[in-house]
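Straight from TrEMBL, the features:
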type	residues	note
TRANSMEM	84-102	transmembrane segment
TRANSMEM	108-128	transmembrane segment
TRANSMEM	140-156	transmembrane segment
TRANSMEM	176-197	transmembrane segment
TRANSMEM	209-229	transmembrane segment
TRANSMEM	235-256	transmembrane segment
TRANSMEM	315-337	transmembrane segment
TRANSMEM	349-369	transmembrane segment
TRANSMEM	381-399	transmembrane segment
């Protein structure tokens, strides 16, 4: 077996064989291998293969482990002149790490593990930027179309019980999960695929997935992204469709009585309830008190029989977390540490504040702002990040593995492709849609 390095950065492996058909050898392209592993990661089910405590190594982790040797072998960082939003992410990571260290006695290694996970997701930016010069935009988008088709079949399998549901919502029949840990993560992943996938039927299929998750905030976020993507044409479409939708809802043609859509509170009612909760809950001085009040006191303080119980749970947790920052100056400035509030705060901006304090929240908002507004942020990434940022009002979306990693994949690919084309003047007329 003879190995030689091509000028394109690919790994060529020639296998000798007595067969005439094999005399030409076979080719393994390093960039193509990274590309296929990236697609495999997005599709991989989010289930633990090896579990330890509440965490473990998932299928998607092993896909990353397979990609890392390929990435760092002959790694040159050719497309990795980091844009401003990546530097902002590093600042956010530094703030998270500082909070984890300061709260080591309170949260143990959990804070460092949570911060390490964020760095792990960022590695997909490096992987995508590495294969970007050798994978055309058409091929990249077509791959997302294939992902849409696979998830469509997955939806059918889950609906017909041919495939088991996974994640924390496995017992909830009315909401789909697919290959993620829950419907909220699935909803944002669907929006990201809608943005990148090339065909209309693929976008329509993922819109169906989005609606089937019943993630109200992400559906609203998707409409905002759709309007922002083409403001002139889509604003007119919204103005034409809105009266029709209102008419159908009014006459009851759509039975939403048993769905979450029929339980949504108004914004003013939410604000009023949150203020009242803040006045009612005590100020906690330890994470043990918080867990006791959430585990034991949730059903005593939230009426699950009527109204928007989903928001009432959030309001109760948010009030406890926000009020806890008054426990000490250190907690006010640096928070209680990453992962301090468990898996479900159901509002990532409150989580940023509670885990990182004022410093952590400011670092997170700076990262969000540069991702949404900086000129060097690729357009598909900005649109996807907008959907995630809006969803973060009611969902812990910013640190979920499928969402974060897929956003980094989109950012890394279009950033790497743009830099590659800028270095090739003869291809300037083929700028990517970033």
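Glycine too: its Cβ is placed from the backbone N, Cα and C atoms.
In TrEMBL, annotation is done automatically, which means it is predicted and not curated.
Computed from a predicted structure; not experimentally measured.
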Considering only Cβ pairs under 8 Å, which range in 140-156, 209-229, 349-369 makes the most contacts with the transmembrane segment (84-102)? 349-369
Ranked by Cβ pairs within a distance under 8 Å of the transmembrane segment (381-399), the first of 108-128, 176-197, 209-229, 315-337, 349-369 is 209-229
If we skip the immediate neighbours and take only residues 6+ beyond the ends of the transmembrane segment (176-197), which ones have a Cβ under 8 Å from one of its Cβ atoms? 42-46, 140-141, 144-145, 147-148, 151, 154-155, 158-159, 165-170, 203, 206-207, 209-210, 212-215, 218-219, 221-222, 225, 229, 380, 383-384, 387-388, 391, 395-397, 400, 402-403, 406-407, 410
Short question: which residues 6 or more past the ends of the transmembrane segment (108-128) have a Cβ under 8 Å from it? 34, 37-38, 41, 55, 61, 64, 67-68, 71, 77, 80, 86, 89, 93, 96-97, 99-101, 337-340, 399, 401, 404-406, 408-413, 415-416
Is it true that the transmembrane segment (315-337) and the transmembrane segment (209-229) have 3 or more Cβ pairs under 8 Å, skipping pairs fewer than 6 apart in sequence? no
